Number of protein chains: 2
Amino acid sequence: MEVYHTIAEIRNFVREQKITGNSVGFVPTMGYLHQGHLTLMEEARKENDIVVVSIFVNPTQFGPDEDYGEYPRDLSRDVELATGVGVDVVFSPQTEEIYLPNSATTVEVEGLTNHLCGATREGHFTGVCTIVSKLFNIINPDRAYFGQKDAQQVLVIKRMVKDLNFDIDIVTVPIVREKDGLAISSRNKYLGQDEREAALVLYQALQIAQNLIGSGERDRDIIKQQLVERIDREPLAEIDYVDIVNQNNLEEAEEIKGEILIALAVYIGKTRLIDNLMLEVDK
Amino acid sequence: MEVYHTIAEIRNFVREQKITGNSVGFVPTMGYLHQGHLTLMEEARKENDIVVVSIFVNPTQFGPDEDYGEYPRDLSRDVELATGVGVDVVFSPQTEEIYLPNSATTVEVEGLTNHLCGATREGHFTGVCTIVSKLFNIINPDRAYFGQKDAQQVLVIKRMVKDLNFDIDIVTVPIVREKDGLAISSRNKYLGQDEREAALVLYQALQIAQNLIGSGERDRDIIKQQLVERIDREPLAEIDYVDIVNQNNLEEAEEIKGEILIALAVYIGKTRLIDNLMLEVDK
């Protein structure tokens, strides 16, 4: 297992692999790895000759009031965890290696980014698309792996890859949950004990929606109201958004039909958590 | 010589070349090839095992009142000319092959694009950066060739390549001129006989500036005034802009010193022509 800090090093490594015909799977992360990330790496391990993981807390995807400064970082622990699942290379650059002083270029996806997290996190997806484009150009992978937990991110990245003709397969991996159902996230570590319990409300609300739809309910407003009511009963929870949208365009689903995404963002104390459910509703 | 119309075809071709270790030089064009383009191809021919030329009139870099519809097109003539300078492949896709119906992604370079042509051609450079990114991802070249005539374009593309970490060398080729000095351009064909003569005023004005600086003049306003006066004396000419800027940031040069760009855009009748002069001024 190698750890590279410079673009030149990782490029040389990948170039040599490509010459020998090896395929490269890439898992971009912001580090502080958890089982969600490790599942992505395990998937990449199965499907590629070489697995590259990037660890880079990307400043441009954080808003001015967000947690860029406090975002948890622990490279040596991350390297150990990545080694454990058979990763070949960790690329862990400094911020200055990635963003030059005069850098002025951004990649933007319109439409899809106006909804859900994009509506409340201004500039977030431009930051995501820009860093992912850069990492794609640096790593030059055959496949890249993203977690379904960031549902909007997955849809935005897939759109970007199609639109800019990146020759890369985007592979999506299902949400990994704790035993009690909480979606695993680096931000869960911010939660105090009471908050950790309260955080379950996201999963519980999604289950209510799933059960309603499973039992035939198709009225979007009724489903949404029940979701909201469940979350509102939790005193430590404050809703950022609760939305039921079409997966294709992320616009409000008029009908509960076809490819539906139920997406939540909820503050538990000061910690903003997201969770979602993707459904294919026949009728 | 092959002509490909689909992304799949050109990708397969380049992939095979790369496997055998061949280097790929790429010349993006909007077709209706002239000696300026052919010079780019000749340069690419010298430095690469394989030369790919794209011919695509990119709608997203034209403004609503610009000449997208009338822009001259002649593929069979272009293929013949490209064959003559040893090009291996022409990639000539339909618009629908390049832009999917839901496409929503743009690449933007801030700062550099606010000046010169960017100030009067809104969205032009976003269109250029987006199509060039797409073509870079489709062709995957080692080197790409751009003409110095589009000076701002060259600087914007170089910035984008650095910022998005494209692993591509950008090679710039000097302006090619007619015997009388007119910079060669696809748009010269719009000029009537009187206009063709009037169009010389761009080159003549740049020569006045060069001579002034050569003889020691360092007052930006005086140089600019002489440029403007020369152009104004030509009844068929109307100035879009005349600027003396720093090459690095395209901001008005306070001093005539270092890497200077003198750039003109002038309407000759209804035809908008550009020309420029790059100077390294010691003192």
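Every residue gets a Cβ built from N, Cα and C, even glycine.
Whatever TrEMBL says is automated annotation, not expert-curated.
Other Cβ atoms within 10 Å of the Cβ of A:Gly36 (ATP binding site) number 21 in total over all chains. Under the three-state DSSP scheme, A:Gly36 (ATP binding site) falls in the helix class. Feature annotation from TrEMBL assigns ATP binding site to A:30-37, A:147-150, A:Val176, A:184-187.
The active site, proton donor annotation in TrEMBL covers A:His37. A:His37 (active site, proton donor): 27 other CB atoms within 10 A of its CB, across all protein chains.
A:Gln61 ((R)-pantoate binding site) carries a helical DSSP state (H, G or I). Residues within less than 8 Å, Cβ to Cβ, of A:Gln61 ((R)-pantoate binding site) and separated from it by at least 6 positions along the same chain comprise A:Gly123, A:His124, A:Phe125, A:Gly127, A:Val128, A:Ile131. According to TrEMBL, the (R)-pantoate binding site annotation covers A:Gln61, A:Gln153.
TrEMBL lists A:Gln61 with the feature beta-alanine binding site.
DSSP gives A:Ser186 (ATP binding site) a helix state.
By neighbour count, meaning other C-beta atoms within 10 Å, the densest spot among the binding-site residues A:Gln153, A:Ser186 is A:Gln153. Comparing the Cα of A:Gln153 ((R)-pantoate binding site) with the Cα of every entry in A:Met30, A:Leu33, A:Ser186, these being the binding-site residues, the smallest distance points to A:Met30. Listed in sequence order, A:His34, A:Gln35, A:Gly36, A:Thr39, A:Gly147, A:Lys149, A:Ala183, A:Ile184 are the same-chain residues at least 6 apart in sequence whose CB falls under 8 Å from the CB of A:Val176 (ATP binding site).
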